[in-house]
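Visitor: Before anything else, here's the structure in question.
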Amino acid sequence: MISQTSTPVIVCGAAGKMGREVIKTVANASDMTLLGAIECQPEYIGQDIGELIGSGPLEVPILNDLQGILVMAAQEKQPAVMVDFTHPDSVYENVRSAIAYGVRPVVGTTGLSQEQIQDLAEFAEKASIGTLIIPNFSIGMVLLQQAAIAASKHFDHVEIIELHHNQKADAPSGTAIKTAQMLSELGKTYNVPNVEETEKIEGARGCLAEEGIRIHSVRLPGLIAHQEVIFGGPGQIYTLRHDTTDRSCYMPGVLLAIRKVQSLTKLIYGLEKIL
């Protein structure tokens, strides 16, 4: 059994780049204990997750059995947390299963539809289980979004460019969608056209998000995660940019989310809501 003062943590997507970083962080946190490492890639199954991340044995085998780990978690005296960095195709069922077993989900996987998020919110509230869906765990990105909100009061034209590694499955990124949503909630319409635009190639102007905001997605090897919010006005351009140079920048936000979700009784969307 895990110490009554230590939070049991399950990591889904444990062998992925973000999953490995989360494993290292949880293993080094004095108030957390790694309960399970879930991965669907067959070449990793059965390995000790500590050996995989290069930190030495942690005595936690990599499994492809979330259900079994959730059953174990439900038996712990201290409420468990599941951190999910998997794939848009699997995250919804993972989160529903965790809530059903009383395990608090912290979700970094993007690609959930608004309908899925709403369904999970209703399910979590009915079960009184804290759930966090966070498109971006970087404190710097939260500051960028806050600066964008401030700038939007003075500019009527804005576009978002998000750039990620070419292994990212969804586009646009959850962070870009979240940024556009935050700007759209300010009660104004952006980018009112001065001319009738024609796209010679479909998608050349990016995707049209809420309130006229356009989002452009770039996928290239060599990138990690980057975002620009570009405002334009007569005689000036104002550019906000955040660059992730190492995934370790997300870990303070992940730790905060794991600790915070335990006191919640409903779903919350966005890191800025718990800072």
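Residue numbering: from 1, along the chain as shown.
Just so you know, glycine gets a Cβ as well, placed from its N, Cα and C.
Pulled from Swiss-Prot, these are the listed features:
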BINDING   Gly13, Ala14, Ala15, Gly16, Lys17, Met18, Gly108, Thr109, Thr110  NAD(+) binding site
ACT_SITE  His164  active site, proton donor/acceptor
BINDING   His165, Gly174, Thr175  (S)-2,3,4,5-tetrahydrodipicolinate binding site
ACT_SITE  Lys168  active site, proton donor
Visitor: To the nearest whole angstrom, state the Cα distance for the pair the residue listed as 'active site, proton donor/acceptor' and Thr175 ((S)-2,3,4,5-tetrahydrodipicolinate binding site).
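Guide: Between the Cα atoms of the residue listed as 'active site, proton donor/acceptor' and Thr175 ((S)-2,3,4,5-tetrahydrodipicolinate binding site), the distance comes to 11 Å.
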Visitor: Given the recorded positions His165, Lys168, Gly174, Thr175, find the one whose Cα is closest in space to the Cα of Gly13 (NAD(+) binding site).
Guide: Lys168
Visitor: Let me make sure I understand the structure: which of the binding-site residues listed (Gly13, Gly174) has the fewest other Cβ atoms within 10 A of its Cβ?
Guide: Gly174
Visitor: From the Cα of Ala15 (NAD(+) binding site) across to the Cα of the residue listed as 'active site, proton donor', what is the distance in angstrom?
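Guide: Ala15 (NAD(+) binding site) has its Cα 15 Å from the Cα of the residue listed as 'active site, proton donor'.
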Visitor: I'd like to know which of the recorded positions His164, His165, Lys168 has the most other Cβ atoms within 10 Å of its Cβ.
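Guide: Per the Cβ count, the most surrounded site is His164.
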Visitor: Return the member of His165, Gly174, Thr175 nearest to Thr110 (NAD(+) binding site) in space, with distance defined Cα to Cα and candidates limited to these binding-site residues.
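Guide: When the Cα distances are compared, Gly174 comes out closest.
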Visitor: Compare the C-alpha of Lys17 (NAD(+) binding site) with the C-alpha of each of the binding-site residues His165, Gly174, Thr175, and give the closest one.
Guide: His165
Visitor: Roughly how many Å separate the Cα of Thr175 ((S)-2,3,4,5-tetrahydrodipicolinate binding site) from that of Ala15 (NAD(+) binding site), to the nearest whole number?
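Guide: The separation of the Cα atoms works out to 23 Å.
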Visitor: Beyond the listed site residues His165, Gly174, Thr175, identify every same-chain residue whose Cβ lies within 8 Å of the center of their Cβ atoms for the (S)-2,3,4,5-tetrahydrodipicolinate site.
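Guide: Surrounding the site, in chain order, are Thr110, Pro135, Asn136, Glu162, His164, Lys168, Asp170, Ser173, Ala176, Ala225.
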Visitor: With H, G and I counted as helix, E and B as strand and the rest as coil, say where DSSP puts Ala15 (NAD(+) binding site).
Guide: coil
